[in-house]
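**Student:** Let me give you the structure first, and then I'll get to my questions.
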């Protein structure tokens, strides 16, 4: 009997082993795919998330996180998700061709997500060789350029295609072949002006925001009966808003903000009853609001900065004169027609030129030998003349001393030796340059007190008509102008999307009895006139514009500005003056940090803090800004109100969701995912930790905000409503 029991126990154990064996083998990756993953690690140049991989790594058992995930089935990789935090391209030896060639070896992939990893270059045509099972492809926040290859439409099983925030340009290929596609996100590129030729009929979410699409809103959209979210904001669409757009049966979220749309909003009783958010702000619309929205309290309608007739409404102050919109609309239409004619003319000219070229080639061949001889002789002569000129080339630099101007000569440096950041312009900015003191005196009306807009900060206007601010920093006498000039290279690098960028500088010397007697550096920066975050949080009219997605966009803009100051220049800039007064917003609500530390160790005043202390102090100040963004309350960093509010938020995380919701700014009610709000609050509290060693790094700050934005986007695109922001 005892022997029988042992036998039964052994049999059960053996059967259990056989039962578990398949599941173990399913998670054991075949050796060829293990080698492929190590190749991918190498091509991505060992990002932090993948740095621990080795030949002995059991990839299928690696723990998942929001930034990393590998799933296996039957010995094959079915999902590869890697999210980095690179803000610059991978070094020159990187090859997108090589990377995607390696990726094709993962033949069973269903999900491929490579985000913020510095991938650059064109998207190669071998993308067609990716797994035929691929359902989700996310290559967002990289530096991929060129056209989107037409081969991408051969990935028949794709349900989600996200290529947002890259450098794609030109037209979008025909996507009708992607019959299973439900999500298409091409936002934040340079696509256009032609719109997408044909779209997949089963699309649920489309984002084409922040591109250069022009002409009218395409008629083909009216066939997308399953469409729930459509974001065409920040493009150049013209014409009127088509009536069918408000009648799409499933549409919940529609953003047409920041285009050139004109005419009146469709006044139709057929307005979609499911529509929750309609954002038509910053267009050229006239007339009245649609009557079909008057009885729909559940619909949020954003319409600021148009020319609408809304007398009696608080938003009337945010409407422009009708004549402004009418004139701008005419110019927009004329520009589109001009572009179309130019394109047609170029096509005609191409045909004519082709015939001419064939005839001319024969003549060119006959005379080319003679010309070549003449050119060689001419080049020798010009070279002998140019070489001494290059050595003696001088520029006149004006240096003012009290009321007397003296002119001294300074050799212009060889442009090949000038730092790249000083030679090349950042998008939207003029190239960095050295100003004369005379130019700045003229721009500021001799530093008139009427132009003073802050401590030692003047607003002015350059001769070219560019509005600027001039920041005056008095320097220690012991530092010579020559030594200071060597420090200017760092200044030239302070040019970033989320900074009030430096346009140039001037080092001048005034005599005694002048406010800036001695050596002074004058730093010329952008002028941002749309107000600060403080203005938006204290003016209830402006505050209404800042819904949750816009606030998250502002938060990550601040974080990326700080990240650039810490890691985008060498040495990093720490201990910055981070307050909501210094978070400026341009007309598109893009963040521009001002008042940050200028890296001049020789300036009068305290030295910069150490890197670690300065970073943690910046993170703390960011936490204070984040608390104000969440609650809508303006508070001081060292106030008791901050401590009390922090404690309330901490306690609310352990309570019912309604408690935390009650602490959020009422202006964002109904526009956020609760999980996005909760995660943001948790992270803000971590930034305010008394023990600075426990505060997150700025890289953690950016990563966590990206995660909260992803949570918000998922909530928006799945079953709820949302708002389009410049970073979302």
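Using N, Cα and C of the backbone, Cβ positions are placed for all residues, glycine too.
Per Swiss-Prot, the features are:
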DOMAIN    421-709  domain 'Protein kinase'
CARBOHYD  55  N-linked glycosylation site
CARBOHYD  85  N-linked glycosylation site
CARBOHYD  138  N-linked glycosylation site
CARBOHYD  169  N-linked glycosylation site
CARBOHYD  210  N-linked glycosylation site
CARBOHYD  253  N-linked glycosylation site
CARBOHYD  267  N-linked glycosylation site
REPEAT    74-96  repeat 'LRR 1'
REPEAT    106-130  repeat 'LRR 2'
REPEAT    131-155  repeat 'LRR 3'
REPEAT    157-178  repeat 'LRR 4'
REPEAT    179-202  repeat 'LRR 5'
REPEAT    204-224  repeat 'LRR 6'
REPEAT    225-248  repeat 'LRR 7'
REPEAT    249-272  repeat 'LRR 8'
REPEAT    274-295  repeat 'LRR 9'
SIGNAL    1-27  signal peptide
TOPO_DOM  28-356  topological domain 'Extracellular'
TOPO_DOM  378-728  topological domain 'Cytoplasmic'
TRANSMEM  357-377  transmembrane segment
**Student:** Out of 55, 85, 169, 210, 253, which of the glycosylation sites has the smallest number of neighbouring Cβ atoms within 10 Å?
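**Tutor:** Fewest other Cβ atoms within 10 Å, among the glycosylation sites 55, 85, 169, 210, 253, is found for 55.
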**Student:** If I take the Cα of residue 85 (N-linked glycosylation site) as reference, which of the glycosylation sites 169, 210, 267 has the closest Cα?
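**Tutor:** Out of the listed candidates, the nearest Cα belongs to 210.
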**Student:** In the structure shown, which of the glycosylation sites 138, 267 has the fewest Cβ neighbours within 10 Å?
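**Tutor:** Taking 138, 267 as the glycosylation sites, the minimal 10 Å Cβ count falls on 267.
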**Student:** Report, as numbers and ranges, every residue of the chain located at least six residues beyond the repeat 'LRR 9' (274-295) whose Cβ falls under 8 Å of a Cβ in that stretch; write 'none' if there are none.
**Tutor:** 233, 241, 246, 249-268, 301-310, 322, 325-326, 328-329, 332, 545, 587-588, 671, 720-724
**Student:** On a C-alpha basis, identify the one among 55, 138, 169, 253, 267 that is nearest to residue 210 (N-linked glycosylation site); the candidates are the glycosylation sites.
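**Tutor:** Nearest by Cα distance to residue 210 (N-linked glycosylation site): 169.
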**Student:** Could you say whether, by DSSP, residue 55 (N-linked glycosylation site) belongs to a helix, a strand or a coil region?
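**Tutor:** In the DSSP reduction, residue 55 (N-linked glycosylation site) maps to coil.
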**Student:** Grab the pLDDT values for the repeat 'LRR 2' (106-130) and give me their mean, rounded.
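**Tutor:** Mean pLDDT across the repeat 'LRR 2' (106-130) comes out at 92.
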**Student:** Whole-number Å only: compute the distance from the Cα of residue 55 (N-linked glycosylation site) to the Cα of residue 138 (N-linked glycosylation site).
**Tutor:** 27
**Student:** Any idea what the Cα distance is from residue 253 (N-linked glycosylation site) over to residue 267 (N-linked glycosylation site), rounded to a whole Å?
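**Tutor:** A Cα-Cα distance of 18 Å.
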**Student:** Cα-Cα separation of residue 169 (N-linked glycosylation site) and residue 138 (N-linked glycosylation site), in Å?
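**Tutor:** Computed Cα spacing between residue 169 (N-linked glycosylation site) and residue 138 (N-linked glycosylation site) is 18 Å.
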**Student:** Measuring Cα to Cα, how many Å separate residue 267 (N-linked glycosylation site) from residue 138 (N-linked glycosylation site)?
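**Tutor:** One finds 38 Å between the Cα atoms of these residues.
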**Student:** Other than its close neighbours in sequence, what residues sit by the repeat 'LRR 3' (131-155), given a CB gap under 8 Å and a spacing of at least six beyond its ends?
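**Tutor:** For the repeat 'LRR 3' (131-155), the far contacts come to 78, 89, 96, 104, 106-125, 161-178, 180, 185-186, 191.
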